[in-house]
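Below is one structure, written out as structure tokens; the observations come after it.
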Amino acid sequence: MAATPVGRAAGVALEWDNLGFEVKDKVIVSGISGRAVPGTLTLLMGPSGAGKTTLLNLLSRRTAATSGEILFNGKKPTYQLQRVQGFVEQEVAQFETLTVREILETTARLKLPEHVKGKALRDRIDEVISALDISKCEHTRVSGCSGGEKRRLAVAAELLGEPSLLFLDEPTTGLDSNAAMTIIRILRRLAREQNRTIICTIHQPRASILPLADQLVLLASGRQVYTGPTFTPGHSDGLLAYFEGIGFPCSKVENPADHIVDVINLRTDGDAAAGADGGGSAGSPKKETGPAAEAGVVASSSSSAKETADGAGDIELTSAAAAADADADADAEAAADAADADADADAEADGEAGAVEAPSDDASDSASESSLPCTTGWAKGSDAHRLAALPLEERAAEASELRLTKGRAAFVEWIADQFKQSDLRDSVTRRLAPDELPATPAALSADGSARPSRYSVGCCTQTCVVTRRVFLFKLREPEATATQAMNLIIMAAIIGWVYFDLPENFKGVSDRFGFIAVYLLFIAFAPIDLLTLFPLERSVFLRDTKANLYGTLAFFFGRSIAELPAHILLSAAGGTVAYWMAGFQADPEKFGIFILNVVLMMLTGASLLAFCSSLARTLAEANGIGTLILMLVMIFNGFFIAEENTPIFLRWISQISFLKFGLEVAMVNELSGLTIECSPHELALGCLTSGNDVLLARNLPTTTDSIWERFGWLALTAVLLRLLTFFALHFLYTGQSWATRARLMCEW
């Protein structure tokens, strides 16, 4: 097989037949059939709750269908399909302190084979930056990009892997009209020029967007009510001709997308009345009546009938047809440009207006693709036979009556049956013949030898890339670094000032206990950013692992390694300030043990907070879990209540409390060998003159040998908490079964 040119994807034809998905006996989508071929843009449209995103997830195999079949180039898919497809979610989580180029560099190093590096890697990144027209913001942090630029960045990240199939979930949602038009134009150009099969969901696009698509799949309540060509601007063909044929013509002053969605949504009686008058939508102007209007209706009906007669037969949505519509493209682009000219000029500040020129499509095309005539197949059902014999206005009134009398559910069933019985459905869902299929990409080879691994790069490379990304994110995120550094140093100074230069007397010993308890508790829960920032990190992790960029192990190690330097340096710096301000023993060995204890306490506390955040879906849940555990380890740290006075069934908490280990290390380290000055009055009351005596009174060892044993327990606690965090990350809230996640662990 010939090598695929740079920037042009190996074609993949996607076919689906009778797809269905149910959840606990509730039907989400049912009986969906169709196909999408290289070089085409397919839109999945419908009202809210129609099943658009579910169908997109089924086609991309993110969700397993409960019925039906999906074929890729005529073959059943394998997990290797992930190597030739990309998926852009509706809300794309990004580390907003990274620049556009840094995000693309990270993605490229994870998507592309390891041998692609240096200039080749930079050239590939430059290609997608140019293709998506984001060069002006490539060195801008994501937080400073507009909504449209962020969407284009998400598409660019997927294109780095040269996907033959590209799925997008509502890429225009939340964007202004010009930004939405820019996104659709880019997708259309990527499909045509780079031979990609692009499928995306869309809600209710503006009038000039719909004609840019090659194919429309229209859903209502999980049923397929239309699949076929859209329409040519200024003409009532394709989609509009089909709905006119079943009694719902669209007025010339109404957005066709609004009209179609209003028809299938059946929201009010006013909608039905408007449909009967020819508008099909609430609020649309009534059609004029009288001889002139009737003449126009008859002419339109006759013209439509002639077109359907001339165009009867199979409607071939093949790769050849995808490259054959210059005239229709010109009409579509002219309408789009006219609509863009009317848009608000302020949109240019967002960088979206006119960002990308429409594709020129130099190949000689005919108008057959974008204006494919509707066949007469819609007139096969019993109701449709009866309607087809009536004049247009009477058909509209009759169809509207069906909407009113049958209700929405029954009407959706009726309108879905009209499509199911049509010749159009047979044409657009016909399985492609072997000679119509494109050559199979290497990643989809039958034996799978081309891509034996789920990932493009090895675990070590994954870990290095993730470590660098998290390090940059934490370094630039004020809450993670700057704020935390100030808090640690300032709080150390404040605590040191409160306990400044403690005397070596009986009261000074008591104050030493207070200083140790307060400071170690603060240190243990200082890395609070692990709770506040983790929801974003989890979103990025779930998106990347679904795309097979890296595994849980790489993310876990990368994140842990990236946090380590800041935790060690900041805790050591804060501990140094607090130790000398409090006037502890000026012994280098004791100072070193104190700093090591502070560092271990912070690392163990960070492990605990990471575990709490991995158990929770939201920040509120993580805060609740963290607060509960904080109170438990604080109460049972051995300082507020002696272990022998603790209820028996709660003593286990004291025995595993890492805060208790840290407090004991600090007290043994400071009090062993300390001489306590006692006044005559204090001596008369039994004042202890040695720190060792104080330790014995509290059932603590008097030698530093026990310190290393407690250091071992602290380190073990930190490791166990990290392991629990890993398993929580891998198994919880992933949208996959535990059995599936367990199998993924075997592929590392």
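Note: Cβ is positioned from N, Cα and C throughout, glycine not excepted.
Annotated features, as they stand in TrEMBL:
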type: DOMAIN; residues: 14-246; note: domain 'ABC transporter'
type: REGION; residues: 274-311; note: region 'Disordered'
type: COMPBIAS; residues: 292-305; note: compositional bias 'Low complexity'
type: REGION; residues: 331-378; note: region 'Disordered'
type: COMPBIAS; residues: 331-351; note: compositional bias 'Acidic residues'
type: TRANSMEM; residues: 482-500; note: transmembrane segment
type: TRANSMEM; residues: 512-536; note: transmembrane segment
type: TRANSMEM; residues: 591-612; note: transmembrane segment
type: TRANSMEM; residues: 624-642; note: transmembrane segment
type: TRANSMEM; residues: 711-733; note: transmembrane segment
- prompt: Looking at the transmembrane segment (591-612) and the transmembrane segment (711-733), are there 3+ C-beta pairs under 8 A, with each pair at least 6 apart in sequence?
  reply: yes
- prompt: List, by number or range, the same-chain residues at least 6 past the transmembrane segment (624-642) whose CB is under 8 A from its CB atoms?
  reply: 513, 517, 521, 524-525, 531, 608-609, 612-613, 615-616, 650, 653-654, 657-660, 663-664
- prompt: Taking every residue in the domain 'ABC transporter' (14-246), what is their average pLDDT?
  reply: 91
